[in-house]
Amino acid sequence: MAGTMSCYLARPPYAAVPERLTPAQPRCGKGQVRTQVELTIYDAGYTMGSMFRSEEMVLCQLFVQPEAAYISMYELGEAGIAQFRDLNPHVNDFQRRYVSEVRRCSEMERKLRYVRGELPEPPPPPKPSPTVLSPREINILEERIDYVESEIQEITRNAQNLKTDYLSLKELKLLIEKTQTFFQDHSHHRKISASVQVYNNEGVLGHLGFIAGVVATPKVPSFERMLWRISHGNIFFKQAQIDEPLKDPVTGHELQKTVFVVFFHGEQIKLRVKKVCNGFQATLYHCPATYKEQQEMLAGVDSRIKDLEIVLEQTEQHRRLVLANIARDLSTWLVAVRREQAIYHTLNMFSMDIVKKCLIAECWVPRTDLPILQKALDNGVKASGSPIPSFLHHVPTHETPPTFNRVNKFTSGFQNLIDSYGVASYREVNPALYTIITFPFLFAVMFGDVGHGLIMTAFAAIIIILEKRLAKKKTDNEIWNIFFGGRYIILLMGIFSIYTGLIYNDMFSKSLNIFGSSWRNTYDNETLVRHRMLELDPAIAYTQTPYPFGLDPAWQFAANNIIFLNSFKMKLSIIFGVIHMAFGVTMSVVNFNFFKKNYMIYLQYIPQILFLLLLFWYLCILMFMKWTMYSAVSPDPAYGTYCAPSVLIIFINMMLMKKSDSRPPCPQNMYAGQEPLQKTFLAVAFLCVPIMLFGKPVYQMIADKKKKQYQQGVESGDVVEKDPHDGGMGEVLITQAIHTIEYVLGTVSHTASYLRLWALSLAHAQLSAVLWQRVLRIGLGGGSPINAILLYVIFAVWAFFTLAILVLMEGLSAFLHTLRLHWVEFMSKFYEGQGYAFVPFSFAAILEREDDDLVVQKNGAAQE
């Protein structure tokens, strides 16, 4: 088995370019001649943005006429190419030019949100609006929104009033039905209501009065206790819970209520009882004392309830019809209002030139998008009919521009992995380009299994096929959003896992004998029956022809399978780790060349790469030499399997400058001149440390000295400002010492860190083997019908643990370990990550952010 790995180091598509955007000074005064702006469009291959390096940004100053500003900003919001700076940082938000327009849009959005909250189901998606709304159309839209809100409020208010009346009638009906039992003398089975007199709408039973009403069921115990206390026990309290749940007219929630009747004596107690009823928000109703009057009132209440139910149904139908008509255009209106608000919010960042009567703005724009910016300004002037043009002017600055990498739906997931560590510094090499290959490959080294890779690939493929449909369904489920956002990462991880699974020849812990094993049986049947375990001599049983692809399936049945895989995967992890780190160190050369720091190649890159290669790549070379030099069929006993040395022991003896032990007939060294060469490598590696430590500080000291001499010799009289962040040579020495110690120690620890590739791969394979042997193998044994039925249950258990443990948990573990290898071991060699992201003024981003916030609010309200 042999494999090759190729690393392609691309040249930067473009280098630092002198500014060619040099228009004349714009003038905005009335009647002045229009100044032409010259835009030089470079060769596409020279300035085209790519994943290799962030876009070149330009700080532009815009001089825009107020009447053309709205349309120009609309086109820039559609394009999403400009990040505007606030030129009024010390001005209060309520004192800015367009604060009234922002308030107006906020009020319209509030009204539309209210209407959307009244809809029974989400509105349809917005219709495309290719044109910008004129001020007249915005006024018409505002009037329409006001009318819709008032109409919905009126319908809702009327419906609530009707529901309140309906609730009162239902409570009164239930109260009358329940109180009829209260006026029964159950001991003598006769009605005592004949002796009740009625006056002033109050019931009196002989010398007793009574009050009837309805109170919330949870309040009944406290209500009864309070009545007992205020009357000192001189009342008679009767209650009956309403079995039918009632609905709140405002919220629609179910209400549990209880009918009560309080019998008392005297006006003073009656007043106290009423105060308690008011305190517990009990609803009091007039209840007749005689049975005949109760029946008459009950009949009247039933008639009113039926009439009210008809009115309620008609009101609800009208409300649904009105909401259905509004829902068709609600999303379109909401998008238009949000765009309007975003435009005026951005215009508030502009400053006003009172003399020239024009708006001034500053924004960061990718150089390749400057023609789009100029076109947006020209379209605004053309649409507004202004005789005075808008101008674009480049502003030279020493400020660090934002970092902008153009991505698509495939590369965005990998770019997010890098940005989670830190946004790249301006124009430095972007690791996301190489992460597209290295991330799924290192993941697959730990997750190598054909079956598990197929499951992961199928899952990602289904999401990708249905991505348009799934993208429309907004949700705040973070786990699902992570899976959906990283669907292409999961797809590549699954494909690479299938590849490494074929290399390991592992599919659900079983090997695939595709090409036929290169090992043959050298024992007869009698010997095989008599012995449980036999040893195959590679000099005889091995055909000396390697298995065409991956591991030989014969290793599946070998007793020393784990020992062999341990050695193989451990060495493979070190080889991959050293190549990965060496590639990361080499990527720093691209940054040094681009930022004109060629001296860092000699003072940092060469010492670092020599230190890494002379020690750890030499260790990898020893592994390859051991694989190729020693064989069971070697005619020389010195190069037989018995004399194969331990590479780890050789490396330890090299670091300790200690001679290797000799075992006749084995030679002391693997090759002639080994010890002098190892001492030379060790000496050169140790000499690289002081160069890394003192090279850059000494160079900066000499460069600063020459700079001072040059400034003293120039009789210009210019005063050179000192950088306030410059801490002098002491800070440079301390910083360089920290970096040197971190690199030297990190080289050792990072190389050992790549052993996680071996550890997780071995653990994954053993867990898969345990599930097969301890679970699924039980169902496959035996031939009885019961075992056939039992196989369904056992297979379900095996499939569940395979998905839950081996695919999900082990996949997450391998993902996190791969992420650490990239963030710490790989990117720390060249990546600074001290930049800040480019956040353009974009309608798409603003609307998506608003929709996400709405989904979170809806789900939060549903949970409450």
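For all residues, glycine too, the Cβ spot is worked out from N, Cα and C.
Annotated coiled coil per TrEMBL: 138-172, in sequence order. Here TrEMBL flags 441-467, 479-504, 574-595, 602-625, 637-656, 677-695, 788-809 as transmembrane segment.
Here the transmembrane segment (602-625) sits against the transmembrane segment (677-695); at least 3 CB pairs are under 8 Å, leaving out pairs fewer than 6 apart in sequence. Of the two recorded stretches, the transmembrane segment (479-504) lies close to the transmembrane segment (441-467), with three or more CB pairs under 8 Å once pairs fewer than 6 apart in sequence are set aside. Taking pairs at least six residues apart, the transmembrane segment (441-467) and the transmembrane segment (788-809) share three or more Cβ pairs below 8 Å and count as touching. The stretch with the most CB contacts under 8 Å to the transmembrane segment (677-695), chosen from 574-595, 637-656, 788-809, is 637-656.
Within the same chain, residues 5, 7, 9, 12, 15-16, 53, 427-429, 431, 434, 438, 442, 445, 601, 604-605, 608-609, 612-613, 616-617, 619-620, 623, 747, 750-751, 753-755, 757, 821, 825-830 sit at least 6 positions outside the transmembrane segment (574-595) and bring their C-beta atoms closer than 8 Å to a C-beta of that stretch.
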